[in-house]
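Here the structure is laid out as structure tokens; the discussion comes afterwards.
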Amino acid sequence: MKTQDMNRDWISTASTLNKALPYLQRYAGATVVIKLGGHSMGSDEAMDEFARDVVLMRQVGVNPVIVHGGGPMINAMLDKLDIKSEFVNGKRVTDRATMDVVEMVLSGLVNKRIVQAINGQGGCAVGISGKDARLITCCQTDPDLGFVGTPQDVDPRLLRDLTEKEYIPVIAPLGADQTGQTYNINGDTAAGAVAAALKADRLLLLTDVAGVKNDAGDVLTELSAKQIEDMTRDGTIAGGMIPKTETALAALRGGVRAAVILDGRAPNACLLELFTEHGAGSIIRAD
């Protein structure tokens with residue numbers, strides 16, 4: 001039996017869709033690169049909700065490209081296999097044994113979990129890594145850190161071919177150098193490099209914080225590149241936020257129109273950012 005409360009819910013839903021029309025039109029045909037952090041993956045229910053959002057984006061004409069992390073899953077597997085980690089200045093050294101685990105977890109467990117979730121919601125996702133089709137060519141970041149790489153070149157042809165055919169690429173952040181040696185790449189860095197190569201309309205960095213905050217702890221909804229640089233210089237932006245804002249700035253310099261840092265644990269975070277007036281998190285634009 002239908003009730004008035006149910007009718008009100010449907011009216012509210014219809015109103016929300018109506019208000020979203022300008023944004024749906026705005027992003028039709030746009031490429032949006034989404035970095036899905038390991039801490040944002042959470043439960044199977046959260047993964048399914050993220051997958052539904054991605055499938056909806058594809059359904060309304062957006063071209064989503066996903067780059068994922070997997071730090072917590074890598075740590076869990078290293079512990080399970082009793083592989084001890086060495087750290088240099090707080091950064092993990094990726095030796096050969098660790099690199100084998102990293103590739104297994106990222107390309108296998110994590111990547112295929114995301115692909116399965118998207119396909120389970122009616123999408124058509126394809127799981128790859130930066131090694132496929134020489135997507136990401138990298139170099140060693142620091143010999144002291146072992147097999148950790150920095151992107152030197154991104155060849156976006158495979159991604160363009162996939163998105164033109166309405167596939168959803170899901171990329172594990174691995175790359176190889178000119179000799180074929182595999183390297184682990186920071187997920188944020190990989191996402192920024194991919195977004196720049198695609199000249200993406202948006203780079204969405206899904207993390208476990210609500211966005212960039214000021215001294216009072218308030219989330220700043222819109223910032224310029226210069227404001228980010230000033231806040232980093234005076235210490236307002238510090239700690240784990242620095243790599244994310246650095247990725248955002250590098251992406252902007254590479255031709256991405258805007259980057260957004262937002263809480264990937266929040267329900268429908270990507271949809272709120274793209275298709276509502278107020279968005280979600282902190283959007284950073286070039287000066």
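Cβ atoms here come from the backbone N, Cα and C positions, even for glycine.
According to Swiss-Prot, the site 'Transition state stabilizer' annotation covers LYS35 (among others), on the basis of sequence analysis. DSSP assigns LYS35 (site 'Transition state stabilizer') to a strand segment in the three-state reduction.
Other Cβ atoms within 10 Å of the Cβ of ASN184 (substrate binding site) number 27 in total over all chains. Look at Swiss-Prot and you will find GLY70, GLY71, ARG92, ASN184 tagged as substrate binding site, backed by sequence analysis.
What Swiss-Prot lists as site 'Transition state stabilizer' is LYS244 (among others), and the listing cites sequence analysis. Within the same chain, residues at least 6 positions away in sequence whose Cβ sits under 8 Å from that of LYS244 (site 'Transition state stabilizer') are ASP188, LEU205, THR207, ILE261.
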Hey, for the substrate site built from GLY70, GLY71, ARG92, ASN184, who else sits with CB inside 8 A of the CB center? GLY38, GLY69, ILE74, ASN75, THR94, VAL102, LEU106, GLY187
Neighbourhood of GLY71 (substrate binding site), C-beta criterion under 8 angstroms, separation at least six: GLY37, GLY38, HIS39, GLY187
Counting only residues 6+ apart in the same chain, whose Cβ is under 8 Å from the Cβ of GLY70 (substrate binding site)? GLY38, VAL105, LEU106, LEU109, VAL110, ALA172, GLY187
Determine the most Cβ-crowded residue among the recorded positions LYS35, ARG92, using a 10 Å radius around each Cβ and all protein chains in the structure. LYS35
Whole-number Å distance separating the Cα atoms of LYS35 (site 'Transition state stabilizer') and ASN184 (substrate binding site) is 16
